[in-house]
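Let me begin by presenting the structure, written as structure tokens, before commenting on it.
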Amino acid sequence: MYSGAAAAGSPRRDFISVTLGPEEAAGVGGYNNSKAWRRRSCWRKWKQLSRLQRSVILFLFAFLAVCGVISYTSMGETWKSITNKSLDDQRTEQEIPRLKLANPAVLPAPQKADANHGDYPELSLQKPPKPPHVRRGPSNLQIKAPWRDTRLKTRHDTMRAVEELVEADKVEKTEKSIISWRGAVIEPDQSTEPPSSKITELEKPSPVEAEDQKEPVPINERQLAVIEAFRHAWKGYKDFAWGHDELKPLSKSYSEWFGLGLTLIDALDTMWILGLKEEFEEARKWVANDLVFDKNVDVNLFESTIRILGGLLSTYHLSGDSLFLEKAKDIGNRLMPAFKTPSKIPYSDVNIGRGTAHPPRWTSDSTVAEVTSIQLEFRELSRLTGDEKFRKAVDEVMKHVHILSGKNDGLVPMFINTNSGQFTHLGVYTLGARADSYYEYLLKQWIQGGKKENELLEDYMRAIEGVKKHLLQRSEPKKLTFVGELAHGHFSAKMDHLVCFLPGTLALGAHNGLAADHMKLAETLIETCYQMYAQVETGLSPEIVHFNLHAQKGHKDVEIKPADRHNLLRPETVESLFYMYRFTGDKKYQDWGWEILQNFNRYTRVPTGGYTSINNVQNPSNPEPRDKMESFFLGETLKYMFLLFSDDIDLINLDKYVFNTEAHPLPIWVPA
Ligand code: DMJ
């Protein structure tokens, strides 16, 4: 500015040249570097000025001095905040080594992104594409999300404040006020939260402060329909099965599996995400007062891990309520005896009251999917508690399976022996029951751990190559690509509905930088999964289909055997539709999901409350209700429906959370 004024030949030129430096002085009287000469010359110049000129100069000096004082004060403030911030950063950086120290055997040292990629061209990471459809709705229909308010510290404060906000912004529909409570967007409790074994630290809620201000996206009609479906299901459960494992909606009673309120626990985070405040509060009370794990009961390690441990952990993360972490710790500890086997491959069953574990009565084998799909939950429990034993136990299983022989191009058999640690029943390969979530958890553990555990990625990539090589075929007449099975070299065109998790998993991998052809495969497979619904009389998929490999007049692609024509309200197709919509923004996926929801309503809804599995998807006039509502209908199917219909990518952001195989979101430790 000064030099600009000088260049423009302003009247202040002399003053400036005199004051600021020898260059300007030189312009007036020739170059002389003597200090005394300069002082004298200045004084002479000053004397030559008129009184008015002197006053102006003095006034300018005074003005500059005042400005200097003001800017010094504000710089001081800025500096203070910069210093504080850098202290915070240092704390965070110090916590990361602490995390590593607490669990040295499990988290490998950070590696370069290109490490270990030599053998696998597909492993080269691509920049994840940006979702094309970040749409945010008009703010006039929105109520500020309570968890955004930095004043809210405790969960109860949150509840109270939300009620006030809801009052203030009341909209016509009652649902709207409930929706406004939706608390799913709390940032996950990620790697900045140090693990600690101290109980006082465990009670710390997830961080809800320091949130950036984003506009919440309003709930749409289809999401409202999901909320209505959930409420209807919940009504049945509450009226006839409260605190029990599963609702029997027709007989208006319940069934017990573990006697641990399975449906209630599985549904906790769904209620949170859907914004069902009252229901959540009531269920929380039950967890606080009635959920007791000190029971002489045998539970299945896998099922109780994915539903109970997973459900409690994700609810802890979403709500910040330490009750759920305490319960998670309790059940986690009680499941640990399962790992006391000669091979360290866990037994399938644990008595959580007695602390004993055993395999099923007829065999000493465990199911491969079961022993390799408990890792996300136990690893997260270690991270939260600082107790390494959980993670060590499950990581040992993965390391063991990684080097085990008996795989076929990365495809694993379905059973593993708990004594020898070897695969058994070799030669049968499927992506369906007993193997499915092995593949899912390879990718998801890799994502959870910040994409550093290369062995998991190698196994995943190899397995997908194995699927392409051995299990993919195309049906007639529509040429649908499907995933069949291989039994001792013979291909079978059989596909479980369970396999429909795969398009979603492939899309998630592609989103995380894996081979682009995974996304192409995901797109063709989700079309097939949709056809498993669309080609059936009720518009609902059976449990298993057989694809026609040869065109026959009057035959569809999908054939259904009488023993396979039941539908258990399973989530896998809706789950994959959710991922596909998130990553592509293609509305057809939402429309397909909408059709499925309507067909669930048409054929499985019980008027007095609840939904039921059905025995015959081919008979619209009598689908033969089975009288059972599986806990995953509330834990998974309706949750994925709600998320599928949402246009808010921050509603469980997939760069921050990874869903366990029961749809319970857990934080990614090092978010993208
Ligand atoms: C759920 O318990 C889980 O999704 C599991 O991975 C497979 N089976 C059911 C849902 O179909």
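The first residue you see is number 1, and the count goes up from there.
Backbone N, Cα and C define each Cβ position, glycine as well.
Because TrEMBL annotations are produced automatically, they should be read as predictions rather than curated entries.
Glu303 (active site, proton donor) falls within a helical segment according to DSSP. Around the Cβ of Glu303 (active site, proton donor), 17 further Cβ atoms fall within 10 Å across all displayed protein chains. Among the features that TrEMBL reports, active site, proton donor is placed at Glu303 (among others).
For the recorded site, Asp436 (active site), the DSSP three-state label reads helix. For Asp436 (active site), the count of additional Cβ atoms within 10 Å of its Cβ stands at 24 [all protein chains shown]. Annotation comment: TrEMBL describes Asp436 (among others) as active site.
The secondary structure of Glu543 (active site, proton donor), as reduced to three states from DSSP, is coil rather than helix or strand. As annotated by TrEMBL, active site, proton donor applies to Glu543 (among others).
Counting only same-chain residues at least 6 apart in sequence, those with a Cβ under 8 Å from the Cβ of Glu572 (active site) are His497, Leu498, Val499, Cys500, Phe501, Gly504, Cys529. Among the features that TrEMBL reports, active site is placed at Glu572 (among others).
The secondary structure of Thr661 (Ca(2+) binding site), as reduced to three states from DSSP, is coil rather than helix or strand. Taken from TrEMBL, the feature Ca(2+) binding site covers Thr661.
The compositional bias 'Polar residues' feature in TrEMBL is assigned to 189-199.
Marked as compositional bias 'Basic and acidic residues' by TrEMBL: 200-215.
The disulfide bond annotation in TrEMBL covers Cys500-Cys529.
Summarising the annotation, TrEMBL assigns region 'Disordered' to 102-144 (among others).
Residues annotated as region 'Disordered' in TrEMBL: 185-216 (among others).
Annotated transmembrane segment per TrEMBL: 55-75, in sequence order.
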- Task: Of Glu303, Cys500, Cys529, Glu543, Thr661, the recorded positions listed, which put a C-beta under 6 Å from ligand 1? Please answer none if none do.
- Result: Thr661
- Message: Please give me the CB contact count at 10 A for Glu543 (active site, proton donor), counting all chains in the structure.
- Response: 20
- Message: When you rank Asp436, Glu543, Thr661 by Cα distance to Glu303 (active site, proton donor), which of the recorded positions ends up on top as the closest?
- Response: Thr661
- Query: How many Å separate the Cα atoms of Asp436 (active site) and Glu543 (active site, proton donor)?
  - Reply: 14
- Query: What is the Cβ neighbour count of Cys529 (disulfide bond) at a 10 Å cut-off, with all protein chains included?
  - Reply: 30
- Message: Measuring Cα to Cα, how far is Glu543 (active site, proton donor) from Thr661 (Ca(2+) binding site) in Å?
- Response: 18
